[in-house]
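Some features that Swiss-Prot has for this protein:
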BINDING   Arg62, Ser63, Gly64, Asn75, Thr79, Ile80, Asp81, Lys89  substrate binding site
Amino acid sequence: MELLVKRINKEAILPFYAHEGDAGLDLFSVEEVLIKPMERKLIATGIKIQLPPNTEGQVRPRSGLALAHGITLLNSPGTIDEGYRGEIKVLMINLGQEGFLIKKGMKIAQMVIKPIEQVLIKEVVELKDTERGEGGFGSTGTM
């Protein structure tokens, strides 16, 4: 399987796996941006991609940024559809107490390539009953 990548900024760093067997490809900032506490910013990566057929790219936060600085992704995971050809950008938010400077070349997120399936939609009058029923939002308890 191949991920085709086009640099649209000469300073862009191509995504790569940090270690053999890693699920996520590191994504890098191509700009310097200050994110103030409780502020959200759309960070450019300087790349466009062509995903393999029948896949999506899931953009996920980096645990180290979240733990150390409260920096995470606002919509996580973000979905990149197979047909999207625009620049990959990452919607970040600062949940920390201090401003955080995203530097050029900094690892800002990771992208996991996953297979997808589309389903046929069938409208019905009734759904099959289950033991769970309509229980949701805490209905299974915490212990």
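One is the number of the first residue shown, and numbering goes on along the chain from there.
Just so it is clear, glycine is given a Cβ too, placed from its N, Cα and C backbone atoms.
Listed in sequence order, Ile49, Leu51, Glu56, Gly57, Gln58, Val59, Ile88, Met111 are the same-chain residues at least 6 apart in sequence whose CB falls under 8 Å from the CB of Ile80 (substrate binding site). The Cβ of Arg62 (substrate binding site) has Lys107, Ile108, Ala109, Gln110 as same-chain neighbours under 8 Å, each 6 or more residues away in sequence.
Its Cβ taken as reference, Lys89 (substrate binding site) is surrounded by 18 other Cβ atoms within 10 Å in the chains shown. Secondary structure at Ser63 (substrate binding site), as computed by DSSP, is helix. Gly64 (substrate binding site): 10 other CB atoms within 10 A of its CB, across all protein chains. Note: Thr79 (substrate binding site) has non-local neighbours Glu56, Gly57, Gln58, Val59, i.e. same-chain residues 6+ apart with C-beta under 8 A of its own C-beta. A C-beta separation below 8 Å, combined with a sequence spacing of at least six in one chain, links Asn75 (substrate binding site) to Leu91.
Counting only residues at least six positions away in the same chain, no Cβ atom sits under 8 Å from the Cβ of Ser63 (substrate binding site).
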